[in-house]
Amino acid sequence: MIKYFSGDYDVIVIGGGHAGCEAALAASRMGCRTLMCTMNLDSIAMMPCNPNIGGTAKGHLVKEIDALGGEMGVNIDKTFIQSRMLNISKGPAVHSLRAQADKVRYSEVMRNVLENQEDLYLRQIEVISLDIEDGKVKGIVTKNGACFTANTIVLATGTYLRSRIIIGEVNYSGGPSGLFPANELSQSLIDVGIKLRRFKTGTPARINKRSVDFSKMVEQPGDERIIPFSFLNDKLEKEQISCYLTYTNEKTHEVIKENIDRSPLYNGTIKSVGPRYCPSIEDKVMRFPDKQQHQIFIEPEGENTNDLYVGGMSSSLPEEVQIKMLKTVPGLEDVEILKTAYAIEYDCIDPTQLKLSLEFKDVKGLFGAGQFNGSSGYEEAASQGIIAGINAALMVKNKEPLILGRSDGYIGVLIDDLVTKGTNEPYRMMTSRAEYRLLLRQDNADLRLTELGHKIGLVDENRYEKFIGRKNAIEEELNRLKKVQITNKKEVNDFLEGLGSVSLKKPISLYELIRRPELDYDKLQTLDIDRKDLAQDIIDEVNIMIKYEGYIEKQLEQVDQFKKFEKRVIPEDIDYNSIKNLRTEAIQKLSKLRPVNLGQASRISGVSPSDISVLMIYLDYYFKNK
């Protein structure tokens, strides 16, 4: 192959999925000349699995991406076909927004944004190797011989590296949704010392809407009030498309059990690790034999298509078994398959090879993002993509990287978990992973992160002005409510008793009254004669901040303690073998992972509290005598 020089860039992003899109947009919006290389320009921001954005904990990630100046929230607001707020029966910390996407339009609109972004250049081309010299990024080589130079590279290769499609006894080299795999780049990564491993994921069949009997299913319409993902949008209105719920049964399970020896998961064909929280239908049936039924969600993939996604029925069983299995489900008796379910195996890295900035520890200027890092999900990928893109741009500008901590956002939790703890399976974000989830609500993502996004140059003035307006409105309303006094007049007490609340014995502020469990901002509207006409999102924020004030203050105290550990920096050149009384396992783990501070060290599996105490004493001595 004859190679030729084809251009010089500040940042090169390899991959055009959800991680690659956010990385490329972040870097270019921060003023860096950026090249995005993708196998197929028509598959940008493709949704090869579920046709939705958000969901439990994932909705938090999308809100945080948006607050930093990312695109995912803006894009789904333009292309959704149904919107629902999940977990509304629980507290606000776990409320999570989820939207069904028109997956074709989602991809088209995102591509249009990329094509019109200043300083961003797109190429449909396969990258086959990296040019690394003396542990530093120099550029890339493509299959056609084109060579591009760059100061930084973001690897966002998704599930394409040496990917294999598995359907029963059928097993072949291929990427998701019928696309080509990337079979050559992996060896280049191995050659520069990057450790790879194999993960697997899967997707359900797609079926023809015309072959489904919806009368045998439970309709799931969207919410009446549509809450936007992006803080740029005050409200959205749209005629929504329903999803449907049905269930497997004993007949379904019998088909699976009769053919379990043909399942690649159970006959040894698939040896790689799959996502724990998204098991295949055969896995669910075999692992939970006492369960008589499993939920199946029938989800539309767009407005102008008959494609339906069969959620909850991911499988790698042979095609004829899949058809037989589907036809046992109520409403699917005459089902026609459009696309067969499959499992896909692919190369990814052990993310403990990365710094918290998502730069590789041993290759300067090389960043990883998305499923390449061992995560699962569009939202997790996009979250890493925006941080990798930001930090690639900051490196080009010779500035310090942006590190989000566990108390800053779900993105911080996600990255810290991957980099510090590693993962033995595709990592999925969950609210239970966040220690400070009452502080990290999706409704306050802008209050936590937009100032930061503006400071680094990613949040533009239009978004920043909108943020300042919202922030000021919330603060002004909180201050006003503290000043409004409600007297203990008879009509007031009668009103309160009618709401099931205790009558007043002396005047009290409206702020204090809202704190009562049985009352809220809207219920007390009658008593608030000077109430302003505020947007619903501001009302919701004010209500939450008042009602959960005590709990929020306690978590802020916990964060203060946590940050004391995070501020105790560990020198890069520390020799753990020279520290007396440190256990052998701790020496090995700390030497391998090289934590940057005591907080990160304390979260490493195999490092005990006594090891941290020894390390603290050593650091005191080290800095005292330096």
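A Cβ is built for glycine as well, from the same backbone N, Cα and C atoms used for every other residue.
Note that the structure is a prediction, hence the values are computed from the model and not measured.
As annotated by Swiss-Prot, FAD binding site applies to Gly15, Gly16, Gly17, His18, Ala19, Gly20, with the evidence given as sequence analysis. The NAD(+) binding site annotation in Swiss-Prot covers 274-288.
Location within the structure of each feature annotated in Swiss-Prot.
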{"residue": "Gly16", "record": "FAD binding site", "contacts (Cβ under 8 Å, 6+ apart)": "Ala24, Met36, Cys37, Thr38, Met39, Asn40, Leu41, Ser43, Ile44, Ala45, Leu122"}
{"residue": "Gly17", "record": "FAD binding site", "contacts (Cβ under 8 Å, 6+ apart)": "Ile44, Ala45, Met46, Ala156, Gly158, Gly370, Gln371, Tyr378, Ala381"}
{"residue": "His18", "record": "FAD binding site", "contacts (Cβ under 8 Å, 6+ apart)": "Ala45, Met72, Gly370, Tyr378, Glu379, Ala381, Ala382, Gly385"}
{"residue": "Gly20", "record": "FAD binding site", "contacts (Cβ under 8 Å, 6+ apart)": "Val13, Ile14, Met36, Thr38, Val154, Ala156, Gly158, Ala369, Gly370, Gly385"}
{"residue": "Arg276", "record": "NAD(+) binding site", "contacts (Cβ under 8 Å, 6+ apart)": "Glu425, Arg428"}
{"residue": "Cys278", "record": "NAD(+) binding site", "contacts (Cβ under 8 Å, 6+ apart)": "Thr201, Ser314, Ser376, Pro426, Arg428"}
{"residue": "Ser280", "record": "NAD(+) binding site", "contacts (Cβ under 8 Å, 6+ apart)": "Gly202, Leu265, Gly274, Ser314, Ser315, Ser316, Ala343"}
{"residue": "Glu282", "record": "NAD(+) binding site", "contacts (Cβ under 8 Å, 6+ apart)": "Ile256, Ile260, Ser263, Leu265, Tyr266, Ser315, Ser316, Leu317"}
{"residue": "Met286", "record": "NAD(+) binding site", "contacts (Cβ under 8 Å, 6+ apart)": "Ile256, Lys257, Ile260, Tyr266"}
{"residue": "Phe288", "record": "NAD(+) binding site", "contacts (Cβ under 8 Å, 6+ apart)": "none"}
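A count of other CB atoms within 10 A of each Cβ picks out Gly15 as the most crowded of the binding-site residues Gly15, Gly274.
Counting only the Cα atoms, the space from Ala19 (FAD binding site) to Lys284 (NAD(+) binding site) is about 30 angstrom. A coil conformation is recorded for Arg276 (NAD(+) binding site) in the three-state DSSP classification, outside any helix or strand. Looking at Gly15 (FAD binding site) and Lys284 (NAD(+) binding site), their Cα atoms lie 32 Å from each other. The secondary structure of Phe288 (NAD(+) binding site), as reduced to three states from DSSP, is coil rather than helix or strand. Local packing around the Cβ, expressed as the count of other Cβ atoms within 10 angstroms, is greatest for Ala19 among the binding-site residues Ala19, Lys284. Same-chain residues with CB within 8 A of the center of the Gly15, Gly16, Gly17, His18, Ala19, Gly20 CB atoms, the FAD site residues themselves not counted, are Val13, Cys21, Glu22, Ala23, Thr38, Ile44, Ala45, Ala156, Gly158, Ala369, Gly370, Ala381, Gly385.
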